[in-house]
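Annotated domain 'STAS' per TrEMBL: 520-654, in sequence order. According to TrEMBL, the feature transmembrane segment maps to 87-106, 112-129, 136-155, 167-190, 202-220, 251-269, 281-301, 330-357, 410-427, 434-451, 471-496.
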């Protein structure tokens, strides 16, 4: 092969195109294999030999199961990384305080539960996880989903009066956490780390955007002080808005004013001041914590909340939670909901972990992540925790401040322990509307994802369909039902696209050996007396009749215009090109895009080819993938079919054969005829 290209750097700047000039023989697949000593299928050996298996020792398994042995106890760089990890831990802790108390409201449990979640699951993950930067703890989606289960199974007033029987809110929540953790551990045992791929990025985007709408709707009561009952189940968003407008006359204007002021401050800071201020500081300014502390102090020294009947946080327990096993009898009742929560928690956490790991170029173990998150939830269930997940805001803060390892999470957990022991009770006078305002502003990015839908639809109609179906069904029906429908639609689209096939007629770009779709390239022309068809897709029991139908349509169109065909030989053989009428017909099937073929598909393929041959066609198969070539040849009873490595080989072979039949003086072997481009 002779390649004339421009290699000089200055010449590459010039307005010229490199050229490729090739001169070789026309090959059939068998000739190509014979000339290059390709062994028979039975004699082939793998190109790359597998390295001998390493004999694992017990210590190897322990170090793989507990990654912190390497990065924390053996290789941690205390002089270089500890200072940055400490700053990152402080930054995460100051975010955890307002977010933990705020998101606990979504789970229908006490505010301190969110702070517990910043300790126990975090410590377990920091020892067992493989991501260096994600921050586990409260996550709005998981808290909301758990809150729905709590409302369903908890007995109202059971916390204050044990004689009522039933289950308290925290008992239901910890039962969900325990089952979710056990499900994740079971997934780890069966190596199902890749199961998170069931939830595609598009589906997760539509799901989180819709859940943000539900969270926003659920906070209207706290934001405006309207006296309405919290809705759950089917049609909760429409019903909540109906109740809101029906009871709008009960609005608390003092609560509304505080909410508007809080939301305004947070939005103005985020839009105009955040980048300027944080660029001058060593760590992000904890605006949420500052507002929480200021509001707590304001309502501690004044009687505004009492005078205007504003709902406050109330009693906050100090100290760490006691060890308590969740009710075993409740596990079967919450099993289905907990399974969904476990899958959503793992998918969202892994999506964030993979994003950060790809950005910072370090590996992740998807199955090890299941162990870390599952065991973290199991341990957390014994200490009054809800199911945990990675928070985008806290993870971004941990990474942007300069955190290097999960030592940052350990530092953050230590700070939260101090808050729980001595500082938590300080926040009792805080109005709940302040925390609801923090939640709503934190959801701004998720709520605005709906504006990305036109771009998603423009790029891919199928992705747009999955996004919108998930978004609408979650809002109009329920979280679980909407997610299930979204997953089913996503898998159904994947299945349909897997069985669909495409058949396109190809033409040749002038003066090249490139064959492209005629409907896309206006300059491409069909080769006289040759019909070139590209098949893309699988060839299986489901789409075999679809393949036959499309092939019949293509050949029928060809038959309609075949009578007036004039053959022009483009092979350069030292003589002038000749032309003339030729009654022969040729069909070249470009099979380069064949993905998979099964027995039923190959049988129909053979029958279709046999029918074409009996109708007088010469059928050539070009560029059949190696994975399907032997299978098709072994199951193809049509012996007259020829196989070629490229479409151009098949076209030139046919032209040479046709010219030989017309010109008795043409005595050169077709497979030895050089071609010129």
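In case you wondered, yes, glycine gets a Cβ from its N, Cα and C as well.
Scored on C-beta pairs under 8 angstroms, the neighbour of the transmembrane segment (202-220) with the top count among 87-106, 112-129, 330-357, 410-427, 434-451 is 434-451. Simply put, out of 112-129, 136-155, 251-269, 471-496, 136-155 has the most Cβ pairs sitting under 8 Å from the transmembrane segment (330-357). The transmembrane segment (112-129) makes contact with the transmembrane segment (410-427): 3 or more of their CB pairs lie within 8 A, with pairs spaced 6 or more apart in sequence. Within the chain carrying the transmembrane segment (434-451), a Cβ under 8 angstroms from the stretch's Cβ atoms is held by residues 98-99, 101-103, 105-106, 111, 140, 205, 208-209, 211-213, 215-216, 219, 222-223, 258-259, 262-263, 266-267, 270, 288, 291-292, 295, 313, 393, 471, all 6 or more beyond its ends. For the transmembrane segment (410-427), the neighbouring stretch richest in Cβ pairs under 8 Å, chosen from 167-190, 281-301, 471-496, is 281-301.
Beyond its flanks by at least six residues, the transmembrane segment (136-155) meets 96, 99-100, 103-104, 106-109, 114, 117-118, 121-122, 125, 164-169, 171-173, 176-177, 207-208, 211-212, 214-215, 218, 230, 232-233, 330, 333-334, 337-338, 340-341, 344-345, 348-349, 373, 376, 386-391, 394, 409, 439, 442-443, 479-480 of its own chain at Cβ-Cβ distances under 8 Å. Non-local neighbours of the transmembrane segment (281-301) in the same chain are 87-88, 90-91, 94-95, 97-99, 101, 258, 262, 265-266, 269, 274, 310, 312, 397, 400-401, 426-427, 429-431, 434-435, 438; each lies 6+ residues outside the stretch with a CB under 8 Å from one of its CB atoms. The average pLDDT the prediction assigns to the domain 'STAS' (520-654) is 77.
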